[in-house]
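Everything below concerns the one structure shown next.
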Amino acid sequence: MLTRRVFLVGTSALVGACALPWQASRAAEAPIKLRELYNKDRSFSDLALANEGRRITVEGYMAPPLKADARFFVLTKMPMATCPFCEPGVEWPRTILPVYTRRTVDVVPFNVPITATGTLDLGEFTDPDTGFWSKVRLGNARYERT
Amino acid sequence: MFHRLSVSLLATVAISGTAFAQDVAQSGSQMYTDAEAALQQRLGETPNTHRARNVILFIGDGNGVASNYMNRLWAGQQAGGLGDDYVQPQEAFPELALVKTYNINAQTPDSAPTAGSMNTGVKQRFNLINLGENAITEDCTTEADNALTLFSELVTDAGKSVGIATTARLTHATPAAVYAKTAYRNWEGDVPAECTNSKDIATQLIDAMEAGTVDVALGGGARYFVPKGVETPNGGSGRRENDVNLIERAQADGIQVVADMAGLAAAGTDAPILGLWSDSHASYEADRPESEPSLADMTQKAIEVLSQNENGFYLEVEAGRIDHANHATNAKRAMIDGKAFADAIALADEMTDDADTLIIVTADHEHAIAMNGYCGRGTPIDGLCYDVANEGIMHADEPVLASDGKPYTVVGYLNGASSVMIEQADGTYTAPEGRPEITQDEAQDLDYTQQVLIPKSSESHSGVDVALYAKGPWAHLFDGTIEQNYIFHVMNYAVNNGE
């Protein structure tokens with residue numbers, strides 16, 4: 001059976017580091033789940049590694065923003081009215097994904113499903129504005145209700 | 001008249017005696033004969049009045065009757081059956097009671113005083129652990145005069161060993177109730193600066209291991225044993241505000257400190273073991289890497305080590321993450337952890353002898369969880385409710401629709417973050433578009449959170465009774481509807497009385 005993961009990884013392997021426009025848009029068309037970015041041992045999955053630097057679409061929920069007029073929010077895999085992980089200095093959970101947006105965030109209630117599409121960035125990063133430390137994030141992102 | 005009476009008498013005899021079972025039209029049914037066999041088994045049972053050498057207390061955190069039902073169907077369906085006729089290992093135990101779980105000042109209980117009541121024999125106040133009724137939550141000045149005697153201390157005095165295995169943090173409420181006395185369950189790694197005579201829960205665990213009142217402690221929560229900024233054995237960072245490294249202290253005292261499955265397997269049985277698999281809680285079973293011990297792995301090692309003591313042991317085993325998944329209204333992870341709980345129970349039962357080991361399986365409290373209907377047989381417990389079919393046994397092909405024309409899941413919660421009520425710009429909550437339409441694929445996804453009514457940041461416990469299953473010495477003393485603190489009294493009686 002051809003799973004979405006196999007398809008994406010296989011496609012990425014074929015094109016190597018040179019993503020073609022149709023390939024990127026193909027990835028963006030198929031929302032992935034946050035948990036698919038990780039292996040059980042907390043390392044990044046093949047899917048995440050294959051899509052590093054590419055635009056992907058991830059489904060989830062918008063945690064209540066850290067501050068008003070931000071261009072940043074935290075995507076959670078489940079609805080979270082408060083985000084206990086959305087603070088600096090905690091161990092990195094696999095249940096959230098920081099999203100840096102093109103425009104100021106228009107808040108979506110925490111229990112409304114959304115998809116976020118952006119460039120997948122892997123590796124440690126500390127946001128100079130918020131102090132938010134992350135191991136993975138989406139950049140140059142947009143989002144919409146599903 | 002005489003004729004009618006004779007027929008009636010004959011029918012009564014036929015129903016009450018197996019010798020005449022052939023006179024009952026349905027006596028050939030397997031359901032009928034299975035039930036007759038169960039009756040005969042019960043008639044042949046005699047109370048076990050041996051002295052209990054060992055006591056194992058299994059606590060499924062938040063695993064009330066509804067959650068247990070969910071686990072049963074999940075396990076049964078995973079085994080290829082319809083689910084509802086499946087028997088979990090604890091459900092084959094001979095003794096059963098319902099347990100009232102309220103705290104001294106809380107109709108809806110929390111996990112700290114409930115576990116405390118099982119470990120001390122008295123109910124306690126909300127959010128504190130093992131302090132008497134005059135203690136005040138978060139007031140450390142009330143600790144000294146209200147400290148209670150623990151079951152772990154009593155059995156240690158009797159020469160037994162003590163162990164804890166949990167998928168939560170070892171400093172979390174339920175495991176802490178084995179060894180800690182504190183005015184606030186959240187003082188896991190530090191106490192307020194003014195509480196100079198108090199000790200945080202992690203320190204109390206190491207104190208207990210050094211004193212010999214805890215010999216094996218396996219679970220999560222390494223961050224509360226290591227100072228802030230210092231790396232934990234799991235690669236994370238400590239949370240303790242003071243500079244005491246409890247892991248180094250434990251190692252210096254001869255305690256084996258292990259951080260993964262390989263370490264646990266290699267640990268010897270001749271010295272205490274402190275196992276810390278994660279910085280916070282251990283993994284949900286659905287997310288657990290092979291390098292991390294399961295609850296059954298922990299239970300097995302604990303029994304292997306503790307049973308070296310010829311005087312016996314007390315072991316508390318907690319499936320802590322059933323509770324967390326229920327709080328998240330993520331029923332699927334709760335039921336998967338429920339199966340892992342059952343696996344640990346089955347293993348403990350296999351490794352011990354009913355003649356000398358009292359095994360108790362219960363929950364500390366229920367959740368605001370319930371099952372929707374009317375679903376046909378074989379409806380996947382992790383998905384939508386499928387209609388009852390008029391012919392055959394299996395459910396119909398179509399899901400049951402609510403009055404809004406939309407399907408719904410079998411499992412539901414009353415409150416939680418996945419409310420169908422959406423916060424509006426003015427701060428009010430409403431559902432202008434109605435309930436979301438859900439497909440079976442969506443409902444069965446591992447991360448799916450059930451539709452609930454009341455919006456809350458975290459789904460709540462409920463005060464509904466929980467079940468207790470027991471076998472072994474004096475297990476027959478569990479019967480009827482009991483107070484939760486009565487559990488301690490049976491355990492204490494069982495280790496002190498009998499042949």
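Any Cβ shown, glycine's included, is placed from N, Cα and C.
Note: TrEMBL annotation is automatic and uncurated.
Within B:GLU310, B:GLU316, B:GLU318, the residue that TrEMBL lists together with B:ASP61, B:HIS172, B:THR174 for binding Mg(2+) is B:GLU318. Look at B:GLU318 (Mg(2+) binding site): DSSP puts it in a strand. Same-chain residues that are not part of B:ASP61, B:HIS172, B:THR174, B:GLU318 yet have a Cβ within 8 Å of the Cβ center of the Mg(2+) site turn out to be B:ILE59, B:SER111, B:ALA115, B:THR166, B:THR167, B:ALA168, B:ALA173, B:PRO175, B:ALA319, B:GLY320, B:ASP323, B:ASP364. Set side by side, the recorded positions B:SER111, B:THR174 differ in how many other CB atoms lie within 10 angstroms of their CB, and the most is found at B:THR174. Take the CB of B:GLU318 (Mg(2+) binding site) and look out to 10 A: across all protein chains shown you find 33 other CB atoms. For B:HIS327 (Zn(2+) binding site), applying a Cβ distance below 8 Å and a minimum sequence separation of six or more within one chain yields B:GLY62, B:HIS367, B:GLY416, B:SER458, B:GLU459.
Distance from the CA of B:HIS365 (Zn(2+) binding site) to the CA of B:THR174 (Mg(2+) binding site) is 11 Å. Counting every protein chain shown, the number of other Cβ atoms lying within 10 Å of the Cβ of B:ASP364 (Zn(2+) binding site) is 31.
Here the binding-site residues are B:HIS172, B:HIS365, B:HIS461; the one with the fewest Cβ atoms within 10 Å of its Cβ is B:HIS461.
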